[in-house]
Amino acid sequence: METTLFKPALWQIPHIGSGGETALAEKTETLKQRLHRIVGSHRDARFASSLAAEDMVITDLIAGENLNIGIFTLDTGLLHTETLNLLDRLGRAYPHLRIKRFRPVREDADRYVESKGRFAFYDSVEARRECCRIRKTEPLNRAIAGADAWLTGQRREQSATRTELPFAEYDAGRGIGKYNPIFDWSEHDVWAYILANNVPYNDLYRQGFPSIGCDPCTRPVKAGEDIRAGRWWWEGRNSKECGLHK
């Protein structure tokens with residue numbers, strides 16, 4: 001008797017039907033205006049791109065509008081091959097853009113591995129947060145040093161901790177303005193823009209990853225699950241942030 005292995009259906013890129021072009025155009029125009037407002041209000045604004053789908057929308061508009069917003073990403077040293085490949089593709093798609101990479105201090109990362117173990121982040125929330133601090137938070141602080149504003153691709157729909165996310169806020173810990181220009185876009189809006197404008201995106205989205213972080217800390221999500229269920233899945237449901245957005 002043959003045994004058939006059941007494979008659960010995974011999250012998929014939303015199907016985008018016809019008829020929403022006007023609404024998308026209006027949202028896109030609003031997003032453009034927000035980005036222009038940020039540029040007009042700050043001498044040095046920088047966009048922290050995680051290379052997620054929503055970040056690709058913002059990147060495409062920064063390029064298309066020729067906006068004076070610096071773009072950087074955090075290369076944690078633990079990214080998926082697909083994510084690194086996307087960085088190479090972005091260089092070809094937007095040859096006039098320079099996306100800076102910020103990496104962890106090598107000595108700090110090595111010390112963490114030597115003292116705790118290569119996969120210590122699985123052992124406790126504290127150990128995982130320490131890894132995130134070394135590989136994400138500290139490089140972010142260097143990336144925005146000297147800026148007077150930074151931008152994120154956060155959206156209200158992404159998680160329970162972001163439902164009240166505003167367009168503009170003040171990052172008191174770093175003493176600068178912080179903007180979430182795409183905060184009110186839905187997942188459908190994001191993918192409608194990407195597919196309509198042929199914007200590059202991470203190949204992992206086609207493999208059931210709606211939210212993408214470091215390779216050891218991200219896995220595919222089943223259809224119908226919370227989109228961040230694949231992030232740090234071994235922790236509690238309320239522990240789905242890395243500490244960048246305190």
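Any Cβ shown, glycine's included, is placed from N, Cα and C.
For Cys242, the entry in Swiss-Prot reads active site, nucleophile, with the evidence type sequence analysis.
In this structure, Cys217 ([4Fe-4S] cluster binding site) is part of a helix by DSSP. The Cβ of Cys217 ([4Fe-4S] cluster binding site) has Leu78, Phe121, Arg128, Arg231, Trp232 as same-chain neighbours under 8 Å, each 6 or more residues away in sequence. Residues annotated as [4Fe-4S] cluster binding site in Swiss-Prot, with sequence analysis given as evidence: Cys131, Cys132, Cys214, Cys217.
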